[in-house]
Structure formats: structure tokens, C-alpha cells
Amino acid sequence: MPTESGSCSTARQAKQKRKSHSLSIRRTNSSEQERTGLPREMLEGQDSKLPSSVRSTLLELFGQIEREFENLYIENLELRREIETLNERLAAEGQVIDGAELSKGQLKTKASHSTSQLSQKLKTTYKASTSKIVSSFKATTSRAVCQLVKEYIGHRDGIWDVSVARTQPVVLGTASADHTALLWSIETGRCLIKYTGHVGSVNSIKFHPSEQLALTASGDQTAHIWRYAVQLPTPQPVADTSICGEDEVECSDKDEPDVDGDVSSDCPTIRVPLTSLKSHQGVVIAADWLVGGKQVVTASWDRTANLYDVETAELVHSLTGHDQELTHCCTHPTQRLVVTSSRDTTFRLWDFRDPSIHSVNVFQGHTDTVTSAVFTVGDNVVSGSDDRTVKVWDLKNMRSPIATIRTDSAINRINVCVGQKIIALPHDNRQVRLFDMSGVRLARLPRSSRQGHRRMVCCSAWSEDHPTCNLFTCGFDRQAIGWNINIPALLQEK
């Protein structure tokens, strides 16, 4: 009984002391708010060169920061007080706790464990609060430099690839699992041409460097070359679909764009290819034009890549060496170089600059499927993988990458803005992120309940010279999206 009475008395004193301390904190907090209120009012009244909308957003964010740190400060004081009370209780050797006698060593162990738990709680709370503030600021910044301009809706299944014509008129091409390839007006979003020559999923589309020719690869084990002729419609004023201040939210896979009727049914249809390339024994997953446009390369699930002559459709070389299915192929913009990627975790560089020697170099740096590898201007290759990394390589030194980007999701078909050397990374988790060649993250494309992709993003493509849209993305939500990326502002923020 004496022990219980003493224990109750001690607990009552500690409770009164804690309550008095809590009131003291509130008074301190109130007086601090009074002191900081005047400078903030003075700050809001000062002249500034910033636009009023940006200024108000900054003031709101800084207000959030102040409130978060205020709460953390109060909680920190409370936690410190609890630690002190606990240490006082455990300081008396032989004190009865929960009806059991504890040795001095056990008391120290219990005190250390409790202190560690409280410290970890404080760290977790601080990290969560500050991360929320930083994420809010980054989202606002991304919306200012990355704006959705146009959506291209008309396919009946997921879109595997997107590409932009390199000749006038500049059109957008999409390749879909619905067995079709569509050409679009970038400005109006209207379907201009529908290609239906394949009997399997169309896995990639690439445009000839100087003629109105398209190259498509398909699950029907063929690649087709077909000619198109389009007349662009008169562009209409573009509505501003950017969303300012909207919180990004997760979207259900069911929230896909509704297609009322067949949007592509009114546009001209091409049913027969100019040339059909038929040497593979498996799905043709990708194809591309070599510099000059007189030869093409194809990549297949039969573990080979084939080099064809465009005029005769004859097989020139069969490139073997990969141990598993190929996932992508890409050609250098100015040299006779080809890079192929594979599920065997490697990508290979094939050199056709010397007609008598066809050398090959193997790059080993990933731990999972290499989903794509692309050239940049100069001597660099950028590779993306299902191991959630992107690596930048120097062709003169293949032993190790010069930069590595680590992400939280598998990487699909990447694309590099050649002029500015900005890498666009489409992810399985519906995000699209922009990085520079040194691995610094520049932005993330906005995604919310009203804009952005709702399912896996399969591919991205830059169009540096187009005045309205300079980045295009496509995904398994059956739509392609045109974005306006303010590159000067993006690089200035960097």
C-alpha cells in the first residue's frame, strides 16, 4: 500500500507538471505567432517582381513550412519531457515497475529502448512532414514547365509506340495492339491515316528520314514499309488544359478515355504495304531506319536482329548473339551504328561503318531485361531496364556507365531530346520523369484524375522543332498525349 500511494503521488505530480509545461508551450507558441505576424504582413506589402499568383503560392507554401515546423517543435519538447520523466523514474535503483523488480542493467536497457523509440518517432514525423511540403512544391513547379496540350484518342487497345515524322508535313504516328498504326495531326488531334496491313499487334513505328514512308514492326513476324500522303487540317485554338494547384491523385485502371464510335473510321485507310520484310521466326518487336534510309534493322523475339535492303527487301545481315528475346533496336542519327537490347540483361553495339568488318560490343551493366537502348548525339548510349535503372554509357569506355539513374519502377522505351540532352523515362507505374545526362532529375509530368496516363506508359518521343508539342507519350490506356515542355525554364531551375 505505501508503494502504491507513493507511485500515485509521483504520477499526479508528473501529470500536473506536464500540463503546466503544455500550457507554457501554447503561450510561447502564441507569443511567437504575434511576433512573426508583423514581419509577414510587411513582407506581403512589399513590392516584388514576381507575379501575384506565384507570390501567393510561395507565401502559402512557406506558411505550411512554418506550421509544420511549429508542430514539430512542440512535439519535440513534449517528447523530450517524456524522456526526462522516464529517466527520472528509472534512475531510482530497485523501483517497482509493473509489479516486478528490475535490476539496474535492465532499467538502463529499458530506458535506452524507450528513448530510441521516441527518437525514431520524431525522425519519422519530421521526414513525413517535410516530404509532403517538398512534394507539393515540386508538383507546382512541374505544372509550370510541363503542360498537357493535346490528347490523341482513337485506338481500341494499348499503344506500344509513338513517333514523330522528320519531314514536312510533321505528323504523329502511333502503333497499337489493336493491329493498326494511326497518323495524327499534332495540332488538331485528328486521325489522318489508318494503316491496317498487319494481322498482329503493331509494336513500333518509325518515319523515313527524308520521305513520306513509315516502317512498322508487328507480332505477325513481319515488318512493313508503307507510303503515306496527308493534308493537314486547319489548326484550331488550343485550350489550356493545365491544372494549377490540383493535388495529384491515383486513378483506377478503369478510368480510361471513352471512345464514342470509331474515331479513325473517317480517315483514309492503307491496307497494303509497299514492302513486306519476312525473315523472322518470331514476333518483330521493333524496327528502325539506318542513316540515309536505304536500309532498315529489325529486332525479334527469335533472338536475332536483321538488316534489310529497302529497295530489294533482301536480307543483308542476320545479327546473332543474344541469349534471349530482343526487346528493342535503335540506329545512330548520323553513323551506321545499331544498338539492340534484350531480355538477357545486355545490349549490343553493331558497327557497319566499315563494309568489310562488322564489329560488335556487348554492354553488361543491368541485372534484368534491358527494355531499350538509344543513341544520343556524340558517343553516348542511354539504356533503360526492368531493374529500375537507367545508365548512360560512353562508347569509348564500355567497362562502366558514366551516370546511373535509380528509380522506383521499371523503365520502358526511353527517348532522348538530342539538342538539350534530356532523357524522358516512361514507367510501369504511369509516371514520366525527365532527367539530364548526368542523372539529375529535372521534372515529372503532371498526372491527376483529369490529365496524364491512367495505365502503364509504354513509350516517349521528342519533337524538338514543333512549336506546340515537343514531347509525346503513349500508354496502355489507349491514348497518346502531346506535352509542351518549357525547356529553358526546366534547365534554369536545374
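Yeah, the Cβs are placed from backbone N, Cα and C, and that goes for glycine too.
Taken from TrEMBL, the feature coiled coil covers 69-96.
What TrEMBL lists as compositional bias 'Basic and acidic residues' is 32-47.
Under the heading region 'Disordered', TrEMBL lists 1-50.
Here TrEMBL flags 152-194 (among others) as repeat 'WD'. Secondary structure by DSSP for the repeat 'WD' (152-194): 0 helix, 21 strand, 22 coil.
Under DSSP, residues within the repeat 'WD' (195-226) fall into helix, strand and coil as 0 helix, 17 strand, 15 coil. According to TrEMBL, the repeat 'WD' annotation covers 195-226 (among others).
What TrEMBL lists as repeat 'WD' is 277-318 (among others). For the repeat 'WD' (277-318), the number of residues in each DSSP class (helix H, G, I; strand E, B; coil) is 0 helix, 22 strand, 20 coil.
Using DSSP to sort the residues of the repeat 'WD' (319-360) gives these counts of helix, strand and coil: 0 helix, 26 strand, 16 coil. Residues or ranges marked as repeat 'WD' in TrEMBL: 319-360 (among others).
Only residues 6 or more beyond the boundaries of the repeat 'WD' (363-403), in the same chain, are considered here, and those with a CB under 8 A from a CB of the stretch are 327-328, 330-334, 337, 339-343, 345-349, 409-416, 418, 421, 423, 425, 435, 437-439. The repeat 'WD' annotation in TrEMBL covers 363-403 (among others).
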Tertiary contacts of the repeat 'WD' (319-360) (same chain, 6+ residues out, Cβ under 8 Å): 282, 285-291, 297-307, 366-375, 377, 381, 383, 385, 395, 413, 418
Helix, strand and coil counts within the repeat 'WD' (363-403) (DSSP): 0 helix, 22 strand, 19 coil
Mean of the pLDDT scores, which run from 0 to 100, over the repeat 'WD' (363-403): 93
